[in-house]
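Structure record follows, encoded as structure tokens.
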Amino acid sequence: MPQSPELSLQRQTIRNHIRRQRRALDVSQQAAAAAALAQRLLADPRITAADSLALFLSFDGELDTRPLVEALWQRNKRVYLPALHPFSPGHLLFLRYEADTPLVVNRLHISEPRLDVTRLLPLARLDILFTPLVAFDARGQRLGMGGGFYDRTLRHWRRDAGFYPIGLAHDCQQVDAIPVEPWDIPLPEIFTPSRHWRW
Ligand SMILES: Nc1nc2c(c(=O)[nH]1)N(C=O)[C@@H](CNc1ccc(C(=O)N[C@@H](CCC(=O)O)C(=O)O)cc1)CN2
Ligand SMILES: Nc1ncnc2c1ncn2[C@@H]1O[C@H](COP(=O)(O)OP(=O)(O)OP(=O)(O)O)[C@@H](O)[C@H]1O
């Protein structure tokens, strides 16, 4: 599918702008945002009922998922993290994450669990897929870091079965409209520290 250069330029401009905005949040703003979000999510019955949840380790000013991970562990939930697929470019694997799981830094400078096939979870067995994003709009369209990793993962999502995706973001990551590419899959739900969006 040929990409329109104007559209990819618009998307890159939004990416750069919002990444700068979220990196500008200071430590106390980040801590307040993380606590507010964890509190909201832990009050949601679907989270309470879930057994296996995929999170992501925050970087680049992303909403800090640490407090949520800790709270989920305390509630005996199984937590998974994405890892770059070792030989299928652009694809993610999901590996079990516990307090003593060895982490390695991947080529995109993000920590991920060391590859161990015994700790892999097929997507179909995941209950909730918390999804990182750079920008979102009021229709649930998301723009990521530009690798297409979550676009490829979200292709397997069906409204009536399997894992359910929930986007996590700071309020400042909302934009008027994301210029959409054919492969983009809108999220059914996004939580920010002050709002809950559901489509
Ligand atoms: N916390 C978190 N983990 C995640 C994602 C994410 O958005 N957030 N991803 C969501 O898809 C995947 C990683 N996607 C990425 C795609 C592009 C770049 C990137 O362009 N990074 C550098 C440039 C590359 C380099 O330093 O070599 C940059 O910061 O500009 C980073 C991550 C999997 N793990
Ligand atoms: N389902 C898919 N199948 C094949 N290629 C895809 C798919 N989704 C995205 N891509 C490719 O991945 C590249 C990056 O896509 P895009 O810019 O939409 O990523 P993103 O949504 O910002 O990133 P991410 O999903 O990792 O957060 C594009 O060049 C696109 O061609």
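In case you wondered, yes, glycine gets a Cβ from its N, Cα and C as well.
Record features (TrEMBL):
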- ARG11, GLN12, THR13, ILE14, ARG15, ARG142, LEU143, GLY144, MET145, GLY146, GLY147, GLY148, PHE149, TYR150: ATP binding site (BINDING)
- LEU57, GLU62: substrate binding site (BINDING)
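When Cβ atoms from all protein chains are considered, those within 10 Å of LEU57 (substrate binding site) total 18, not counting its own. Rounded to the nearest whole angstrom, the C-alpha distance between THR13 (ATP binding site) and GLU62 (substrate binding site) is 18. Each of the binding-site residues LEU143, MET145 was scored by other CB atoms within 10 A of its CB, and the lowest score goes to MET145. Checking each of the binding-site residues ARG15, LEU143, PHE149 against LEU57 (substrate binding site) by C-alpha distance, the shortest gap belongs to PHE149.
Here the binding-site residues are ARG11, ARG15, and the one ringed by the most other CB atoms within 10 angstroms is ARG11. Each of the binding-site residues GLY147, PHE149 was scored by the number of other CB atoms within 10 A of its CB, and the lowest score belongs to GLY147. Among the binding-site residues ARG11, THR13, ARG15, LEU143, no residue has its Cβ under 6 Å from any atom of ligand 1. Close to ligand 2, meaning a Cβ under 6 Å from one of its atoms, are these of the binding-site residues THR13, LEU57, GLU62, LEU143, MET145: LEU143, MET145.
Counting only the Cα atoms, the space from ARG11 (ATP binding site) to GLU62 (substrate binding site) is about 18 angstrom. A separation of roughly 13 Å, to the nearest angstrom, links the Cα atoms of ARG15 (ATP binding site) and GLU62 (substrate binding site). In the three-state DSSP scheme, ARG11 (ATP binding site) is classed as helix.
Its Cβ placed at the centre, THR13 (ATP binding site) has 11 other Cβ atoms within 10 Å.
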